[in-house]
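Following: one structure in C-alpha cells, then a few remarks.
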C-alpha cells in the first residue's frame, strides 16, 4: 500500500512504567479539557456580544439554536467516512449500505462473528480493496490524503533482515535514528540487531507495531493483531497500544473477536451483523480501564450478549441500554457470564 512517509521524531520512552505514563496522560487530558472549556466559554461570550451589537443596530437575528448547530458542525471532525458503502464478491454481498463516521483521534473497536464483514471493512478503509458501491472518504486535518498503516495478526517480518532493518523497510538510511527511537518506545531497542527468529510472538508484534508507527500514521488499522498471543502478553500489548495511541493521537480502528479486548481499548464498540452495524456502543469507562470493576464486566456482558443474541431484550441493548451509573452497583456472580 502506497502512503506518504513522514519524518518521525519520537521521545526515548521505553515503556518501563506504563501505569505512571498513563496517569500522566490522564493529567494532560484533564488540562486539555479545562482549556477546551475555557475556549468554549470565550466563544460563547463572543457570540453573545456580536448578537447584542446586531440587535442594537436592528440586524436580523439567526434562529434560536443556529449558533449551537454551527458549533456542532465545526466540532464534528471525521478522519474516515463511509456512506452507503457496499462490497460484493461475485454473488455474495458482504457489506450493504454501510454508513460509518470515525472521529479523528478516536479508538474504535469492531466485533462480530466470523464472516460478518469486519476484515472486509478494514481492507476497504486501508485501500487494499475497492468498494462495489457507495463513497469512502479519508482525509487529514487539512483535507489531504490520510497516511494509513495496517497491522495484521501475523507480524510479517522478513527473516533475513534484522529487527532494525524490518522497522526501516521502505525508508532511507536517514530514518535509522527514527527507527531506533520507535523501537525504544516499544521496549525493544536492545534487540535492534537480532533476527526475527530470535524473538517471541509478542516481541515480533511489537516490531510490527514499531514498523507502522515509524511512519507517524494518522490512521492505524489493527486486524486482530493480538489473536495468536497468550493472555498475559495480550494484556501487556493492550497497555502498550493504548499508551502509544494516547501519546501520538492517531485514529485507531481495531477488528477483534475478543469482546474483552474491545472494551479494554475502544472509545466505541461497533457490532457488525450481516454486513451492517447492529450495535454502536460508546465505552463510558475511564482510562486506564479497571478490568476487575463491575462497570467493565457489565459492559463486556452487555456487548457479549448482543453478539451471541442471548440478551432478554435485543432492541433495548441495541438502543444503548447500558448505563455507566450501574458501574458501582452490586452484582451477583450469577449476573455475569464470562467469556472463556
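Numbering starts at 1 and runs along the chain as it is shown here.
Just so it is clear, glycine is given a Cβ too, placed from its N, Cα and C backbone atoms.
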Q) Given 15-43, 44-72, which one carries Swiss-Prot's region 'Disordered' label? A) 44-72
Q | Across the domain 'ABC transporter' (80-299), average pLDDT on the 0 to 100 scale | A | 94
**Q.** Cβ-based neighbourhood (8 Å from the centroid) of the ATP site, residues 112, 113, 114, 115, 116, 117, 118, 119 excluded
**A.** 120, 272
(Q) I want to check the contact list for residue 112 (ATP binding site): same chain, sequence separation of six or more, C-beta distance under 8 angstroms. What comes out? (A) 118, 271, 272, 273, 278, 307
Q) Which chain-mates of residue 116 (ATP binding site) that are at least 6 residues away have a CB under 8 A from its CB, listed by sequence? A) 272, 273, 274, 275
Q) If you count Cβ atoms within 10 Å of the Cβ of residue 114 (ATP binding site), leaving out that atom itself, what do you get? A) 7
Q. If H, G and I count as helix, E and B as strand, and all else as coil, what does DSSP give for residue 119 (ATP binding site)?
A. helix
